[in-house]
Amino acid sequence: MPNFQLMRRKFQTAGMTHAIFLSLPITLFAVFYVYPIVSTFNLSLHSWDGFSPTPKYVGLRNYVVLLNQSRFYHAVLNNISWLVFLLLGPTSLGLLLAALLDRGMKGESVFRVVFFLPFTIPAVAVAAIWRWMYEPTSGLLTTILQSVGLGGLAQNWLGDPSIVNFALMGSMLWWTTGFAFLVFFAGLRNIPVEYIEAARIEGATPWQVFWKVSFPLLWPSTIVVLGMAAVDAMRLFDIVWAMTNGGPAYASEVLATQMYDTAFGRFEMGRASAISVYLLVIAGLIIMPYIHQLAKRVQDAEAE
Amino acid sequence: MNTAVARRTALPFSILVVAAVIFAAPLVVAFLTSLKSPSEITRVIALPNELYFQNYAIAYDRMGRSFLNSIAITVPSVIFSLLVGAISGYPLAYMRGAGGRVVYFFLLTGMLVPFQIVQIPLFFLIRSLGLYDSIPGMWLVHTAYSVPFCTFFMRNFFASVPRSMYEAALIDGCTPAGYFWRLLLPASGSGLAALAIIQSRAIWNDLLFAITLTTSDKATPVTATIAGFASSLQVEYGPLMAATLISLLPVMVTYLLFQKAFVRGLLGGAGK
């Protein structure tokens, strides 16, 4: 016979234990997220070079000035193009590769490793490798075009403002598709074979089986991939900074690299803070529904 | 029958082969370039006439120290971030009611924060703590910024452990803390392994905190060194490719070795 009184006492100490456990992550969160965000917000209302003893209060001027700068709009637009690209590009290529591979294909493990490997590489390494691929005179891309007689199409891939963003996205596709691929691949493996078999027996073509049966069941994987893509698009920094530093002539600049240049290149800390507040607001608007969804799953699970 | 199957898979197979060649090409070219002497380097597709290991010597010379720094930063940071994730995920997986949900939501919002918003105050905070350009400073920063994702990951993992195990342990006289340390954590090897792999990639590959918070040989990790290497005016691609390949090796090897654990962890996280 269980001792109910003892058990109740145990569940009371559980509350204490939980509070003690949570105090460390909450402290870290308060010190490294809440405090710096509040402090950045405060700094964005000032003009400061990072050295002088007192920042000068300027109200909302930093925000207003940015709204009148085409350089700022250009970076916002670039972030939005990246968002669209990252939601669609690596996601659909990853899904395609995973769907093609999900048939007991020979060499499956080799394909899996080859598609996934680029994802493990540091952004700076991706940048170094692709700067070499895009080298205008003897890089791989130009060399291949020349060897098939299309040398005239070769461009200064990273040096031309109208091409640079596409070139960066190409390297990003190579880098991040592996993640989407693996999540979808694992998701497809999770679908019970009977569902697929049942559809086949009823005469569905592989195309129908995929879109009518597999794809809807992949929704949890899709949510993960899209959520990560949105977060990446807002945080995007390393690849751009290491490949073009936002150039040529700010053409490939995103908010994160513009903020870095403003803070640590021009030492306009207040202006830079205002850029990052804008970035946080944009990221919040786009990603908050996703976070809400993640947290809501808890509530649903508890309600069951 | 077999030929029918072969015909049906021929098109997907050839698409996969083409994709695999495109995916592998940059790494293969980088590897070949790293073994070529300066006079050969512009012949991109050709194999090297003779193996030129000098590139690796130059690369090692310029980044050997930072490679060690990266190891010294990554290994403890991964361990700390796992520990904090577990400590934070445990109560959130077991607490009932609004309190736990509010804390969970609050911590999760950290996942959407672009690090640029903390960058400037963080620089001054770390400097005032005397941790600027130091390896322990990087431990602290990486651990702190891992809290949201590690909490999310470990909470979900713990939630998949049957609750009856917890209740049975309490009836048998275990304290809630004792259950965590003696039963739950030792039984969570697969979740911790998957998270360790994800975290080692994130921390080893970090560039933003590295260039903001380190400056000298004392603490600069390999990513920051390569960024500096690559942005010098006259880029020498031979040594740069050698350095790049050295820098990507540890995480790549880790993933190849622990692929299964990683996929299992992803399934746990994504499948629910």
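Each Cβ is built from the backbone N, Cα and C atoms, and glycine gets one as well.
Not measured: the values here are computed from a predicted model.
Record features (TrEMBL):
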type	residues	note
TRANSMEM	B:12-32	transmembrane segment
TRANSMEM	B:67-90	transmembrane segment
DOMAIN	B:67-258	domain 'ABC transmembrane type-1'
TRANSMEM	B:102-126	transmembrane segment
TRANSMEM	B:138-158	transmembrane segment
TRANSMEM	B:179-198	transmembrane segment
TRANSMEM	B:237-258	transmembrane segment
Query raised in the report: Honestly, do the transmembrane segment (B:138-158) and the transmembrane segment (B:12-32) touch, with at least three Cβ pairs under 8 Å and pairs 6 or more apart in sequence?
Result: no
Query raised in the report: Apart from its near flanks, which chain residues at least 6 from the ends of the transmembrane segment (B:179-198) lie with a Cβ under 8 angstroms of it?
Result: 78, 82, 85-86, 90, 149-150, 153-154, 157-158, 161, 165-166, 169-170, 254-255, 258, 261-262, 264-266, 268-269
Query - Beyond the flanks of the transmembrane segment (B:237-258) by 6 or more, those residues with Cβ under 8 Å of it - result: 30-31, 33-34, 36-38, 41, 52, 54-56, 58-60, 62-63, 67, 70-71, 193, 197, 200-201, 204-205, 222-223, 225-226, 229-230
Report summary line: Outside the transmembrane segment (B:67-90), at least 6 residues beyond either end, the same-chain residues with a Cβ under 8 Å of its Cβ set are 107, 135, 138-139, 142-143, 146-147, 149-158, 180, 184-185, 188, 192, 195-196, 199-200, 203-204, 217-223, 246-247, 250
Requested in this report: Grab the same-chain neighbours of the transmembrane segment (B:12-32) for me: Cβ-Cβ under 8 Å, and only residues 6 or more beyond its ends, written as numbers and ranges.
Outcome: 44-48, 241, 244-245
